[in-house]
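A.B. asks: Mind having a look at this structure? Questions to follow.
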Amino acid sequence: MQTLELDLGNRSYPIHIGRGLLSQPELILPHIHGASCVTVSNETVAPLYLSQLEQNIAALKHSAVVLPDGEAFKNLETINLIYTHLLEQHVDRKTTLLALGGGVVGDMCGFAAASYQRGVNFIQIPTTLLSMVDSSVGGKTGVNHALGKNMIGAFYQPQCVLIDTDVLSTLDDRELSAGLAEVIKYGLIRDVEFLHWLDDQMDNLLARDPDVMAEAIFRSCQHKAEVVAADEFEADQRALLNLGHTFGHAIESAMGYGNWLHGEAVAAGMVMAAEHSLLMGWLDTDEVEFIRRLLIKARLPVAPPESMSSDDFMRYMSVDKKVLDGTLRLILMKGLGESVITADFDPAALQRVLARDL
Ligand code: NAD
Ligand code: GLY
């Protein structure tokens, strides 16, 4: 097992990564301070892993709420199912919620924890690659609104993140690739050496080689933890973690939540950011080709849906969380492994990217 610490002063927490961790009560129990806990999972993950998790907490009063599965259910109506369960179980403020699932479950459980009785503790137990390398770490929680992705939420940190890499054995290939998009993102933003390592190791990652996978997860969590420790509330550099997300969120919202996976939309969005950077003279053609080739190798899309017009993009991009005082800010690249947040981009170049006039 490897352990990282996300350093947030007295709200710091460990991120444990390894095989078989779901069967190690000593990793979970120290983070449960009251006499009860409630697992939040979904109808796909609960039949696979809930009973294994429950063996750790058998001595505590515990129950589970099993949500419908899918991005289409990441909304306030589903959050209400969690609140109803907590109230029906007479759960008090000393309870701990356990998020057992992918990013959708983790984001919703975290938001329920942040808001139920003004805040109860929670633990992230991510079960997709994407949630292991990104969403379970850093405390962004929330739900979608019909008018925009992740528009309702809170910053609220877990007590601990427990990553049992064995659970990846049941994840389907498309979801694995979606997770690789966020792994590649860290390389593009801040670590060119990692990017080349991913290029070399892509076949092993797709084959789910346990050691290579653990290394990719560890290095991704290390990047995420460093950035969040430096800028928890996204005053500046945390925004870089949103490379490709302004375009990606527009794709997810416009195509209907769940039709394009989050990681797929981010992959296409990162290529759009690269194309924009090329038009700005900040990347060269070979670098953009390298990015495309790496994402294709990871079995990810490298262009937005043909059905989306530039007006469709602009409608959703205008409610992006990086819009400040009416000004859109974008994450662009200035070379591989270096990204910037900027409002100082050429709008004509953006228009060409959105209209696919390249
Ligand atoms: P997901 O939670 O929808 O999971 C993908 C699918 O895999 C689901 O059908 C799920 O039931 C299934 N699944 C989960 N674990 C499994 C397992 N071990 N075996 C078999 N099936 C399994 O999707 P995701 O990609 O994990 O997360 C995407 C969500 O995360 C999006 O809503 C996105 O906005 C959010 N996100 C949040 C942050 C953050 O910082 N909070 C960061 C990135 C993404
Ligand atoms: N996934 C982006 C962030 O956590 O800031």
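Placed from the backbone N, Cα and C atoms, the Cβ positions cover glycine too.
According to TrEMBL, the record shows the following:
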DOMAIN    65-177  domain '3-dehydroquinate synthase N-terminal'
BINDING   69-74, 103-107, 127-128, Lys140, Lys149  NAD(+) binding site
DOMAIN    179-323  domain '3-dehydroquinate synthase C-terminal'
BINDING   Glu182, His245, His262  Zn(2+) binding site
A.B. asks: Give the subset of the binding-site residues Asp69, His245, His262 lying near ligand 1, defined as CB under 6 A from any of its atoms.
C.D. replies: Asp69, His262
A.B. asks: Rank the binding-site residues Glu71, Asp107, Glu182 by the number of other Cβ atoms within 10 Å of each Cβ and report the first-ranked residue.
C.D. replies: Glu182
A.B. asks: From the binding-site residues Glu182, His245, His262, pick the residue whose C-alpha lies nearest to the C-alpha of Phe73 (NAD(+) binding site).
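C.D. replies: Out of the listed candidates, the nearest Cα belongs to His262.
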A.B. asks: Are there any residues in the same chain, six or more apart in sequence, whose C-beta is under 8 angstroms from the C-beta of His262 (Zn(2+) binding site), and if so which?
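C.D. replies: Expected: Glu71, Gly103, Leu130, Ala178, Gly248, Glu252.
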A.B. asks: Which of the three DSSP-derived classes (helix, strand, coil) applies to Asp69 (NAD(+) binding site)?
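C.D. replies: It is coil.
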A.B. asks: Does DSSP give Thr128 (NAD(+) binding site) helix, strand or coil?
C.D. replies: coil
A.B. asks: I need the nearest neighbour of His245 (Zn(2+) binding site) among the binding-site residues Asp69, Val105, Asp107, Thr128, Lys149, using C-alpha distances.
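C.D. replies: In terms of Cα distance, His245 (Zn(2+) binding site) lies closest to Lys149.
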A.B. asks: Tell me which of the binding-site residues Val105, Asp107, Thr128, Lys149 ends up closest to Glu182 (Zn(2+) binding site) in space, Cα to Cα.
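C.D. replies: Looking at Cα distances from Glu182 (Zn(2+) binding site), the smallest one goes to Thr128.
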A.B. asks: Just give the helix, strand and coil counts over the domain '3-dehydroquinate synthase C-terminal' (179-323), going by DSSP.
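C.D. replies: Within the domain '3-dehydroquinate synthase C-terminal' (179-323) the tally stands at 104 helix, 2 strand, 39 coil.
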A.B. asks: Determine which residues of this chain, when Glu182, His245, His262 are set aside, have a Cβ within 8 Å of the centroid of the Zn(2+) site's Cβ atoms, and list them as they appear in the sequence.
C.D. replies: Leu130, Asp134, Ala181, Lys185, Gly244, Gly248, Gly263, Ala265, Val266, Gly269
A.B. asks: What residues, ordered by sequence, lie under 8 A Cβ-to-Cβ from Thr128 (NAD(+) binding site) and sit at least six positions away in the same chain?
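C.D. replies: The list for Thr128 (NAD(+) binding site) reads Gly101, Gly102, Gly103, Leu168, Leu171, Glu175, Ala178, Gly179, given in order along the sequence.
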